[in-house]
Amino acid sequence: MGFQGDEESAPQIPRKTLFRYNSPLVQVSLIGLVCFCCPGMFNALSGMGGGGQVDTTVADNASTALYTTFAIFGIIGGGVYNILGPRLTLFAGCSTYVLYAGSFLYYNHYKEQTFAIIAGAILGVGAGFLWAGEGAIMTSYPPPDRKGTYISIFWSIFNMGGVIGGLIPFILNYHRTSASSVNDGTYIGFMCFMSIGALISLAILPPSRVVRDDGSRCTNIKYSSVSTEVVAILKLFLNWKMLLIVPAAWSSNFFYTYQFNNVNGVLFNLRTRGFNNVFYWGAQMVGSVGIGYILDFSFKSRRARGLFGIGVVALLGTGIWAGGLANQLRYSRQNLLDKLDFKDSGSDFVGPFFLYFCFGLLDAMFQSMVYWVIGALADDSETLSRYSGFYKGVQSAGAAVAWQVDTHHVSFMSQLVVNWSLTTLSYPLLAILVFLAVKDDTKPADKTPKEATPPSTLTQL
């Protein structure tokens with residue numbers, strides 16, 4: 001069952017029409033809105049620490065189930081996307097987010113975590129589909145020399161969901177400074193946004209119908225099959241380019257557990273956690289725009305831009321994690337501090353708040369950088385959906401381990417050291433990958449390309 005269809009089926013439109021429906025800009029913006037409503041709200045829910053509950057055990061166990069299935073279905077999600085196409089894949093994925101938020105609404109009343117754990121496992125399946133499709137769209141639809149810009153556009157729209165999602169618990173729980181968990185309205189608000197995201201996913205076009213401003217189409221691939229995808233996905237585990245990405249993929253969600261539960265969840269009271277999340281996800285928008293500009297415009301050579309971007313993120317990352325170490329020396333699991341409030345704690349609030357803001361900034365820069373590298377390895381959506389699925393699968397395996405590490409009460413300091421070490425290890429490996437595998441494309445952007453972009457030679461596995 002192929003999803004791309006004939007190239008002739010794409011409507012003939014004026015090439016320079018602003019905001020036309022089948023342009024990469026509109027389609028990347030639409031997938032940004034989908035992620036605004038679904039993963040964006042999920043991030044806000046997770047960012048409160050413990051899923052908004054005073055006891056983090058249920059959220060830790062649900063997240064472990066989530067990321068365990070995500071690790072499997074993230075890897076195969078690219079194959080599902082190539083067979084079913086964007087609409088069915090994304091709609092199926094989005095629907096599972098609503099169920100997950102609903103499980104915490106249920107837990108608010110019955111304190112039974114079984115439903116939350118099952119919903120987490122189902123969400124892992126759906127998230128694998130959603131993020132594989134998102135990765136394929138975000139990395140293959142834009143022009144090759146503007147992938148950093150489009151990634152930053154996506155990341156900004158997506159993380160606006162975290163900003164709005166942070167406002168929901170902040171506003172609804174503003175007067176509950178000592179509340180044990182968020183109220184029902186918070187979870188209902190998340191469910192409404194997630195349902196809207198599922199509907200928006202039906203507006204995403206298949207890649208063969210997306211036409212860039214220069215007249216080229218995003219792909220000329222017509223069909224895929226289960227056997228083709230199984231073989232191609234298995235080959236990813238022997239692909240040296242994917243192996244170099246593994247440490248970056250593993251670490252890129254590993255640090256969420258520490259940041260959400262052990263910084264935001266431990267240091268701040270309920271309403272302040274929602275307040276902090278507004279700025280954490282807002283910082284992601286700033287970080288994605290900054291690194292997107294560097295990766296597209298800092299140098300003429302694409303390889304040089306990639307190496308420079310990695311160097312910038314490495315330098316900032318080292319400084320931010322050093323700040324995290326200084327903060328962590330003040331408390332431990334056995335020696336907790338009084339909860340901070342954004343209104344009542346005065347200057348004591350500023351330092352930890354700024355650190356949490358910087359964690360959000362670094363997250364966006366780190367992940368946008370990795371997506372840019374993946375997007376530079378190929379041009380066609382079929383290959384990039386597999387690459388993105390592999391990235392999300394490994395990323396989710398790391399997250400599953402991280403949530404269980406916290407469940408077993410591993411010390412905060414040990415978690416920080418592991419996070420810092422993993423991200424530091426990834427920088428030189430990504431630099432090697434860029435140096436060896438990313439080709440320079442100095443062709444002027446206004447030249448008329450071929451009728452369809454051919455698959456890159458880098459897709460040979």
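Don't overthink the numbers, they just go from 1 along the chain as shown.
Using the three backbone atoms N, Cα and C, a Cβ is placed for every residue, glycine included.
Copied over from TrEMBL:
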- 25-45: transmembrane segment (TRANSMEM)
- 65-83: transmembrane segment (TRANSMEM)
- 90-107: transmembrane segment (TRANSMEM)
- 113-132: transmembrane segment (TRANSMEM)
- 153-174: transmembrane segment (TRANSMEM)
- 186-205: transmembrane segment (TRANSMEM)
- 226-250: transmembrane segment (TRANSMEM)
- 278-295: transmembrane segment (TRANSMEM)
- 307-329: transmembrane segment (TRANSMEM)
- 349-377: transmembrane segment (TRANSMEM)
- 417-438: transmembrane segment (TRANSMEM)
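With a cut-off of 8 Å between Cβ atoms, the residues of this chain six or more beyond the transmembrane segment (278-295) that come close are 40, 43-44, 47, 147-153, 155-156, 159-163, 165-167, 170, 264, 305-306, 308-309, 312-313, 353, 356-365, 368-369, 372. Residues 19, 51-52, 90, 93-94, 97, 100-101, 104, 123, 127, 130-131, 133-134, 137-138, 141-142, 150, 153-162, 164-166, 168-169, 187, 190, 193-194, 196-198, 200-201, 203-205, 210, 277, 281 of the same chain sit 6 or more residues outside the transmembrane segment (25-45) yet have a Cβ under 8 Å from a Cβ within it.
Sequence-distant contacts of the transmembrane segment (186-205), counting only residues of its own chain at least 6 positions beyond either end whose CB sits under 8 Å from a CB of the stretch, comprise 21-22, 27, 30-31, 33-38, 40-42, 44-45, 52, 86-87, 90-91, 93-95, 97-98, 101-102, 104-105, 108, 133, 137, 161, 164-165, 168-169, 172-173.
Long-range contacts of the transmembrane segment (307-329) within the same chain, counting only residues at least 6 positions beyond its ends with a Cβ under 8 Å from a Cβ of the stretch, are 148, 263, 291, 294-295, 298-299, 351-352, 355, 358-359, 361-362, 365-366, 369, 372, 412-413, 416, 419-420, 423-424, 427, 430-431, 434-435. Take the transmembrane segment (417-438) and the stretches 65-83, 90-107, 349-377: counting Cβ pairs under 8 Å, 349-377 has the most. Listed by sequence, the residues of this chain that lie at least six past the ends of the transmembrane segment (65-83) yet keep a Cβ under 8 A from its Cβ atoms are 1-3, 89, 100, 117-118, 120-125, 127-133, 135-136, 221, 224-226, 228-230, 232-233, 236, 253, 382, 385-400, 403. Long-range contacts of the transmembrane segment (113-132) within the same chain: residues 34-35, 38-39, 42, 51, 57-59, 61-78, 80-81, 89-90, 92-97, 99-100, 102-104, 106-107, 385, 388-389, 392-393, 396, each at least 6 residues beyond the stretch ends and with a Cβ under 8 Å from a Cβ of the stretch. Distant neighbours of the transmembrane segment (349-377): 135, 138-140, 142, 147-148, 151-152, 155, 159, 241, 245, 248-249, 252, 255, 259, 263-264, 267-268, 272, 276, 279-288, 290-292, 295, 302, 306, 309-310, 312-313, 316-317, 320, 323-324, 327, 340-342, 383-384, 387-388, 391, 423, 430, 433-434, 437-438, 456, 458; these residues of the same chain sit at least 6 beyond its ends, with a Cβ under 8 Å from one of its Cβ atoms.
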